[in-house]
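Visitor: Take a look at this one; I'll ask things after.
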Amino acid sequence: MHPKAANPKEFLESKWKHAFTTFFDLDQNGLIEWKDFKDLIEVIGEVRGRRSDFFMTARLCLPDIWQKMTEAIGKEEEDIITLSDWIQLCQSSRKSVREPAWQKAYVEYMFKLLDESGDHLVDQAEYVQVLGYFGVNRKDSSHCFDQFAFNHQGQLINSIDKKKFHVLWKQFFHSEDPSSPGNWLLGKV
């Protein structure tokens, strides 16, 4: 059970706020702006190399994700996304029958970013390294990985595939169940 699970609605919103502050609002000014996405592209270029597939993927995918996010909440690409906008975006995504375009694009991008070796699996070392780009410390990242990386028998596994990643992603953004393993996917909430 997740430690912050007192009220299901508040718990879900705390996960969304964590995603907002950790993975989107990189300059910590309380807003998501195109600048945050540009900064992330630069960080990936510095860490993985400007000729790497990861940098090229970031340069192609992140502008598309930004455009789809702003479009989903009726904003122009030059606009900003507030925490309130973000919560509203996550709420509407949760109610949607089909996965929204911005979230579909972002989950695909995140899996590619985490799968550094390109073997279509995310192992603990890759996970810990990438979460480090977003300021999540190694100890917390390792602990979180161990909370979701297990097989159907409940045994810890060394890596997760794309299918499991998608299930965990959906749990993170949609589940009010404090025992869902996906609650740990994006780090300690």
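Just so it is clear, glycine is given a Cβ too, placed from its N, Cα and C backbone atoms.
The annotation domain 'EF-hand 1' is assigned in Swiss-Prot to 11-47 on the grounds of sequence analysis. Sequence annotations record features per position, and here Swiss-Prot assigns Ca(2+) 1 binding site to Asp25, Asp27, Asn29, Asp36. Feature annotation from Swiss-Prot assigns domain 'EF-hand 2' to 102-137. Swiss-Prot lists Asp115, Ser117, Asp119, Glu126 with the feature Ca(2+) 2 binding site.
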Visitor: Cβ-Cβ under 8 Å from Ser117 (Ca(2+) 2 binding site), same chain, 6 or more residues apart: which ones?
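Guide: Residues satisfying the criterion: Asp123, Glu126.
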Visitor: If one measures from the C-alpha of Asn29 (Ca(2+) 1 binding site) to the C-alpha of Asp119 (Ca(2+) 2 binding site), what distance in angstrom results, rounded to a whole number?
Guide: 36
Visitor: Taking the Cβ of Asp25 (Ca(2+) 1 binding site) as the reference point, list residues of the same chain whose Cβ is under 8 angstroms away and which are at least six residues distant in sequence.
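Guide: Non-local contacts for Asp25 (Ca(2+) 1 binding site): Leu31, Ile32, Asp36.
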Visitor: What is the set of residues, excluding Asp115, Ser117, Asp119, Glu126, whose C-beta falls within 8 angstroms of the centroid of the C-beta atoms at the Ca(2+) 2 site?
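Guide: Near the Ca(2+) 2 site, beyond Asp115, Ser117, Asp119, Glu126, sit Leu114, Glu116, Gly118, His120, Leu121, Val122, Asp123, Ser159.
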Visitor: Could you tell me how many residues in the domain 'EF-hand 1' (11-47) are helical, how many are strand and how many are coil under DSSP?
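Guide: The breakdown for the domain 'EF-hand 1' (11-47) reads 28 helix, 2 strand, 7 coil.
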Visitor: Reported as an integer number of Å, what is the Cα distance between Asp27 (Ca(2+) 1 binding site) and Asp115 (Ca(2+) 2 binding site)?
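Guide: About 25 Å separate the Cα atoms of these two residues.
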Visitor: For the Ca(2+) 1 site given as Asp25, Asp27, Asn29, Asp36, which other residues of the same chain have their Cβ within 8 Å of the site's Cβ centre?
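Guide: So the extra residues in range turn out to be Phe24, Leu26, Gln28, Gly30, Leu31, Ile32, Glu33, Lys35, Asp39.
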Visitor: Out of Asp119, Glu126, which has the highest number of nearby Cβ atoms, where nearby means within 10 Å of its Cβ, if these are the binding-site residues?
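Guide: Answer returned by the neighbour count: Glu126.
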